[in-house]
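Over in TrEMBL, the protein carries these features:
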type     : residues         : note
ACT_SITE : Y157             : active site, proton acceptor
BINDING  : 13-41, D67, K161 : NADP(+) binding site
BINDING  : S144             : substrate binding site
DOMAIN   : 7-193            : domain 'Ketoreductase'
Amino acid sequence: MANGGQKVVLITGCSSGIGLRIAVTLARDEKKRYHVIATMRDLKKKNKLVEAAGDAYGKNLVLLPLDVCSDESVKQCINSVKDRHIDILINNAGVGLLGPVESISIDEMKRVFETNFFGVVRMIKEVMPDMKKRRSGHIVVMSSVMGLQGVVFNDVYTASKFAMEGFCESMAVQLLKFNVRLSMIEPGPVHTEFETKMMEDVAKMEYPGADADTVRYFKDVYLPSSIDIFEAMGQTPEDIAKCTKKVIESSSPRFRNLTNSLYTPIVALKYADETGGLSVNTFYNLLFNLGPLMHITMSILKCLTCSCLRRRTLSPN
């Protein structure tokens, strides 16, 4: 139970990665300003979080089961919170999907949207009425730079993030009238166990339904380039947690928060040309015509991206 003055923070998807690190960062806040409710679908996966939280577990951090894909689970979770009072909701739960779209079933696509889009909508619908009544609250959504700029072979994942960005951009206007803030956190590549395993798995998979040329472009062109980008520009879950903490502690939190300033020029390409040709042709040339040059550039960037530069990418301000 929260002590007087503590803000109640509910976070989804805390079994690993970004969610785990946000939960631990807030629970171990030196000023003890947060009572963290860390949630996950399967509490059997709690060990990493409990270990990382240390003595904060059971004090400033508690665990609750939550499946964002279930209406009943979402309602039960929120009802179990004292007075249903949540000051800050951090929607972090998400799944990825990568590969040629011809080989991805509609059911797989629906699964991504069920978590990445409808899961967020369920959480917001459940906590928003109470926040509006209190005229107070902050909703944070873990989006992605892919919610702003499409990325080849990430078609379905990108679509789910675009949908979430549009939903939240629309909701933010209404919520301001009730003094409820909504903020998007938009990382680029992040080094997590999930991302590493996914990259390893997709390289070994077969892609029935996709033609040989497309599979070759995916495995021999896209994947090596993607790995170069991850190594040169990737952040850590700790980086994203620090950025998220700055956003919720801001007196005037921004709606959009790119966590990595190295991606700002990439996103700007899209808005520099209303026809869309500039960004589409730029990414095409980078991937298919300038692959060796891109590899060299990423290698140089990896050498230049020292810890001090990475620290400067963390602040949303």
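Note that Cβ sites are derived from N, Cα and C of the backbone, with glycine treated the same way.
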Among the binding-site residues T25, S144, which residue has the fewest other Cβ atoms within 10 Å of its own Cβ?
T25
I'd like the number of other C-beta atoms within 10 A of the C-beta of G13 (NADP(+) binding site), please.
26
Of the binding-site residues listed here (D29, R33, R41, S144), which is spatially closest to Y157 (active site, proton acceptor) when Cα positions are compared?
S144
Sparsest Cβ surroundings (other CB atoms within 10 Å) among the recorded positions G17, R21, R33, R41, Y157
R33
A 10 Å Cβ contact count, applied to the binding-site residues D29, I37: which residue has the minimum?
D29
